[in-house]
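Trainee: Before I ask anything, let me first share the structure, which is written out below as structure tokens.
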Amino acid sequence: MTTVYTLVSWLAILGYWLLIAGVTLRILMKRRAVPSAMAWLLIIYILPLVGIIAYLAVGELHLGKRRAERARAMWPSTAKWLNDLKACKHIFAEENSSVAAPLFKLCERRQGIAGVKGNQLQLMTESDDVMQALIRDIQLARHNIEIVFYIWQPGGMADQVAESLMAAARRGIHCRLMLDSAGSVAFFRSPWPELMRNAGIEVVEALKVNLMRVFLRRMDLRQHRKMIMIDNYIAYTGSMNMVDPRYFKQDAGVGQWIDLMARMEGPIATAMGIIYSCDWEIETGKRILPPPPDVNIMPFEQASGHTIHTIASGPGFPEDLIHQALLTAAYSAREYLIMTTPYFVPSDDLLHAICTAAQRGVDVSIILPRKNDSMLVGWASRAFFTELLAAGVKIYQFEGGLLHTKSVLVDGELSLVGTVNLDMRSLWLNFEITLAIDDKGFGADLAAVQDDYISRSRLLDARLWLKRPLWHRVAERLFYFFSPLL
């Protein structure tokens, strides 16, 4: 009996170390950032079982076997669709401004199409205005409505949008609604899904959370896009979820969420439609390729229309493209660079690009919320402040609520707006979308919004920052070390 016990003990110890060695080798063999690899190895060696379980659950990008197969299967038809779209040469811009040209060339080579011209674009900063405009557009819809959101929170004006969507479905409009399972948990626990399905709306719970499959697919991989397409002609995207700020997270102690949305008319809606069709096929297996744009209803020609590129990220989409786009934008800046984000945990490359821009004389400003709904990210972001301030970057702490807008403005002409936070999760993991806009008029509108944010912010004083308590510095460095994992 003693011999058997000894043998089992030795086998258990051997298996334990083989497991650690195997996971270590897997981490080292994966092409990943050194800080991320080092953080994972430290966790595994300090808390082996916890670290191994955590790594197997969220350490690698697992879309899941079924979705991965769908993603591979959809790309031949998607590539053909994009190639056919090139025949509509009149919708593509032949040239860009000097500040936007490098980014637009990058997107064209990575995604296969040039920037789309001839669009009407409206910047919207008030949730009531967004929802009222959306309700009007839904009421006027003639053919189809496609919607995807990370969060749909019942209550307030969100319910009015739901009612208008159901009314559209009842009068024969083909309505599709895709919501993230984790972000919209309150919605899926409410009566709304059944009501919508009974009205004729196709409702899909994207990336459904299932703890029984935690090792088969990353549960923290989320559908973070916010997009609405109506009749393949009108489109919305931006940072706003389908929530009424007066009813959303009122007990979080951060105030109302402050967002920005863009409403578009024109052929750019088709480019956004192919992104939605890819997401829909990955989730449902059904193919819904959008029709080509109607050449007869372009609202503006090149002389007055906004030129836009859609940049999509997530498993199955061009790898690292949004990260590359942000780096390109930062290095293209010659006069000023303004960035707004609720969550700031940049990669080393992005941090270096921002600091380098400031050090070569570019006026660089970053606007962040003073109070954050994520304690971990809030502390981790503070760990970057010293380096940013030393480089000459201005850090504004917004005091008018939780600033949730994600935007970048370069030299007043190149704008980036969408769903991407400046953190690891948005840059490397989630399904995201960003609009790259080459237009001085839109740049002026975005600059006015950012100036309003700055007027409601407090500029961080570098001298006072250096006098912060020691325990603050310790907490910042602790969370900074784990920032590659956030």
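Each residue, glycine too, has its Cβ placed from N, Cα and C.
Copied straight from Swiss-Prot:
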type	residues	note
TRANSMEM	3-23	transmembrane segment
TRANSMEM	38-58	transmembrane segment
DOMAIN	219-246	domain 'PLD phosphodiesterase 1'
ACT_SITE	HIS224	active site
ACT_SITE	LYS226	active site
ACT_SITE	ASP231	active site
DOMAIN	399-426	domain 'PLD phosphodiesterase 2'
ACT_SITE	HIS404	active site
ACT_SITE	LYS406	active site
ACT_SITE	ASP411	active site
Trainee: Which active-site residues from the set HIS224, LYS226, ASP231 come within 10 angstroms of LYS406 (active site), judged by C-alpha positions?
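Mentor: Qualifying among HIS224, LYS226, ASP231: none.
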Trainee: Quick check: of the active-site residues listed here (HIS224, HIS404, ASP411), which one has the Cα closest to that of ASP231 (active site)?
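Mentor: Minimum Cα distance from ASP231 (active site) across HIS224, HIS404, ASP411 lands on HIS224.
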Trainee: For the C-alpha pair, I'd like the distance in angstrom between LYS226 (active site) and ASP411 (active site), rounded off.
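Mentor: That separation, Cα to Cα, works out to 27 Å.
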Trainee: Which residues, sitting 6 or more apart from HIS224 (active site) on the same chain, put a CB under 8 Å from its CB?
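Mentor: Once residues fewer than 6 apart are set aside, HIS224 (active site) is near TYR150, ASP180, GLY183, THR419, SER426, ASN430, PHE431, GLU432.
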Trainee: Could you state the CA-to-CA distance between HIS404 (active site) and ASP411 (active site) to the nearest Å?
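Mentor: Spelling it out, the Cα of HIS404 (active site) and the Cα of ASP411 (active site) are 22 Å apart.
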Trainee: Report the same-chain neighbours of ASP411 (active site): residues 6+ apart in sequence with Cβ closer than 8 Å to its Cβ, ordered by sequence.
Mentor: VAL99, SER332, ALA333, ARG334, GLU335, TYR336, LEU337
Trainee: By a simple count, how many Cβ atoms lie within 10 Å of the Cβ of LYS406 (active site), its own Cβ left out?
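Mentor: Excluding its own Cβ, the number within 10 Å is 24.
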Trainee: Average pLDDT across the domain 'PLD phosphodiesterase 2' (399-426)?
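Mentor: Averaging the confidence scores along the domain 'PLD phosphodiesterase 2' (399-426) gives 95.
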Trainee: Under DSSP, is ASP231 (active site) helix, strand or coil?
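Mentor: Once the DSSP labels are grouped into three classes, ASP231 (active site) ends up as coil.
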Trainee: How does the domain 'PLD phosphodiesterase 2' (399-426) divide up by DSSP, counting helix, then strand, then coil residues?
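Mentor: Going by DSSP assignments, the domain 'PLD phosphodiesterase 2' (399-426) contains 3 helix, 12 strand, 13 coil.
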